[in-house]
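First comes the structure, then the notes that go with it.
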Amino acid sequence: MKRAPAFLSAEEVQDHLRSSSLLIPPLEAALANFSKGPDGGVMQPVRTVVPVAKHRGFLGVMPAYSAAEDALTTKLVTFYEGHSNTAVPSHQASVLLFDPSNGSLLAVMDGNVITAKRTAAVSAIATKLLKPPGSDVLCILGAGVQAYSHYEIFTEQFSFKEVRMWNRTRENAEKFASTVQGDVRVCSSVQEAVTGADVIITVTMATEPILFGEWVKPGAHINAVGASRPDWRELDDELMRQAVLYVDSREAALKESGDVLLSGADIFAELGEVISGAKPAHCEKTTVFKSLGMAVEDLVAAKLVYDSWSSGK
């Protein structure tokens, strides 16, 4: 008799994925495998996006198979622009995990925790490779879910002497600063927040540039995480063109990233190519990691959650 799939709530996913740092080793391996092409055993098309124009929304479908994990997943994610000030989150996601040997559905799990934690973990990987030596100042632009997940892993993995925060709505920035462990300086402007920062994380809902090259310290590293549509951007032309540009996926960046497409910036390497040693990490230069998020990242996290849940049954 066929077994019914497991349904794992956000709380259950959180229980089995308490620290984003757990994801770093398997994500490094998965990113390297992805960038090896067919030889790496990762089958992952660029996400399919269905506009829901009537309601200012989108549905994204993100399937992947990884031979290394022998795992098959797809994530369904929705994004609705007008929900930033309502009780309904702007982003909602579910991850489906299948038995790759026969196609049976093993589990349906909340994808919001997975998305937040795997995105932050990949940013941490990029930062470990690309940040300048002696990085003391971290700046986070944006105060939403991704700001919290990035702060968590960045304060676990690195030893910054100062953390700065800016958000368009100052009240949310102050709430962030009072909620997290550790001291966070709330800044009144993006320029104030980023001036002299060694590592900058942009996790905003911006559709036009908010971070300008003239404000950025030479040699700084930027993780650009927001602006996941081809007509949206967070970084200006000057910054995109003067920095060495790294991406998670060339194919996806050239289809989905307004920061890349609208600036005409050249992509130097995928993050997986740096991990494998195929391309260098230019820590001495200003670097940008444009993160769009990939299905294989969800796969790694979902497999880890499911294996942990299964072992505890």
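Note that Cβ sites are derived from N, Cα and C of the backbone, with glycine treated the same way.
Features of the protein shown, as given by Swiss-Prot:
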type: BINDING; residues: ARG47, GLU256; note: 3,3',5-triiodo-L-thyronine binding site
type: BINDING; residues: SER90, HIS91, ARG118, ALA143, VAL145, GLN146, ASN167, ARG168, THR169, ASN172, THR204, MET205, VAL225, SER291; note: NADPH binding site
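Distribution of Swiss-Prot features across the structure.
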{"residue": "ARG47", "record": "3,3',5-triiodo-L-thyronine binding site", "Cβ within 10 Å": "21"}
{"residue": "SER90", "record": "NADPH binding site", "Cβ within 10 Å": "17"}
{"residue": "ARG118", "record": "NADPH binding site", "Cβ within 10 Å": "28"}
{"residue": "VAL145", "record": "NADPH binding site", "Cβ within 10 Å": "18"}
{"residue": "ASN167", "record": "NADPH binding site", "Cβ within 10 Å": "24"}
{"residue": "THR169", "record": "NADPH binding site", "Cβ within 10 Å": "11"}
{"residue": "THR204", "record": "NADPH binding site", "Cβ within 10 Å": "25"}
{"residue": "VAL225", "record": "NADPH binding site", "Cβ within 10 Å": "25"}
{"residue": "GLU256", "record": "3,3',5-triiodo-L-thyronine binding site", "Cβ within 10 Å": "23"}
Problem - Nearest-integer angstrom distance between the alpha carbons (Cα) of GLU256 (3,3',5-triiodo-L-thyronine binding site) and VAL225 (NADPH binding site) - result: 12
Completion exercise
ARG47 (3,3',5-triiodo-L-thyronine binding site) sits from ASN167 (NADPH binding site) (Cα to Cα, rounded, in Å) at a distance of 29
Problem - Recorded NADPH site residues SER90, HIS91, ARG118, ALA143, VAL145, GLN146, ASN167, ARG168, THR169, ASN172, THR204, MET205, VAL225, SER291, farthest C-alpha pair in Å - result: 26
